[in-house]
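The structure appears below as structure tokens.
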Amino acid sequence: MKYDLIIIGSGSVGAAAGYYATRAGLNVLMTDAHMPPHQHGSHHGDTRLIRHAYGEGEKYVPLVLRAQTLWDELSRHNEEDPIFVRSGVINLGPADSTFLANVAHSAEQWQLNVEKLDAQGIMARWPEIRVPDNYIGLFETDSGFLRSELAIKTWIQLAKEAGCAQLFNCPVTAIRHDDDGVTIETADGDYQAKKAIVCAGTWVKDLLPELPVQPVRKVFAWYQADGRYSVKNKFPAFTGELPNGDQYYGFPAENDALKIGKHNGGQVIHSADERVPFAEVASDGSEAFPFLRNVLPGIGCCLYGAACTYDNSPDEDFIIDTLPGHDNTLLITGLSGHGFKFASVLGEIAADFAQDKKSDFDLTPFRLSRFQ
């Protein structure tokens, strides 16, 4: 049997691609080395931020706005436990922060609903937050957070119900190209398709060693908090930059635990066994202390944490391109720790590729050729 599309890696982007391509009427095979959602990639830990006024550059804004529409659609499948929670996101940092300047520029260019507050305004609205006098806050009312594992579980279930074939707990060991299309090799045998999408995340270089992707071990942790820090008390999700440039992100508390992580830093790794569990690196439990001590002093001790991986490109922008020399294989990789919010739209882009549809987006900034 020859599929229209084989998806290699069915975590964030792959789960979305499987659903959107199957819904479009294609004969699709989703594959994964594990059983998604799982703990081996970049999607576990329950929640991920979604920000619209994008500090990483305005080129992402059209993508994230379409992503939001798709997240809203997906949330309707889980109305009791919605996948998207519109908590708002407060971006905190020094008034001269480059990241915040990019947030403001993105908001202005795309007429997004962003409110600017000075230090006193921030602390008046959220008394739990402490910032220096030279800090500002850019509050995105319409942003919030996503339930990442629930999203993947929902896409996989919807794809299966729509007739998608799924081969999980079965690593792809090689990809071959010939005049008839693409063949993947697995322990379960070989499978053929007209087209393939490679969104294998952290260990994509096991299949395609020439790709400029560097895995980095990252951690996030949950700290003791109370109802003041919850969505019910209108406490927002947040990003925060310290005076030394370190970037943090976090979420409203749930079940008396507030989740926070540090975006920069981490440990460069070269194999899966180097991604040791949380607390096996001495700094894991204390990584968020500088932010908590200065910005959220009412938060208590570390309760538990988890390790994940970023698949970093050299410039930390995404790689969305066909495999050089093989126009029937699309790469979506190098998401560099800020990709989950885009999973819905990237899955749709992958489904369009499989149908030979031209993308609605300018993907030029994400081409591999920028590294040559």
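Quick reminder: no glycine exception, Cβ is built from N, Cα and C everywhere.
The feature FAD binding site is assigned by Swiss-Prot to 4-34, with sequence analysis given as support. According to Swiss-Prot, the feature S-8alpha-FAD cysteine maps to Cys308, an assignment based on sequence analysis.
In three-state terms derived from DSSP, Tyr20 (FAD binding site) belongs to a helical segment.
Distance noted between the C-alpha atoms of Tyr20 (FAD binding site) and the residue listed as 'S-8alpha-FAD cysteine' is 26 Å. Every protein chain considered, the tally of other Cβ atoms within 10 Å of the Cβ of Val28 (FAD binding site) stands at 28. Cys308 (S-8alpha-FAD cysteine) and Ser12 (FAD binding site) are 14 Å apart (CA-CA, integer value).
Long-range Cβ neighbours of Asp32 (FAD binding site) (same chain, at least 6 residues apart, Cβ-Cβ under 8 Å): Gly9, Ser10, Gly11, Gly14, His38, Leu167, Phe168, Asn169, Cys170. Ser12 (FAD binding site) carries a helical DSSP state (H, G or I).
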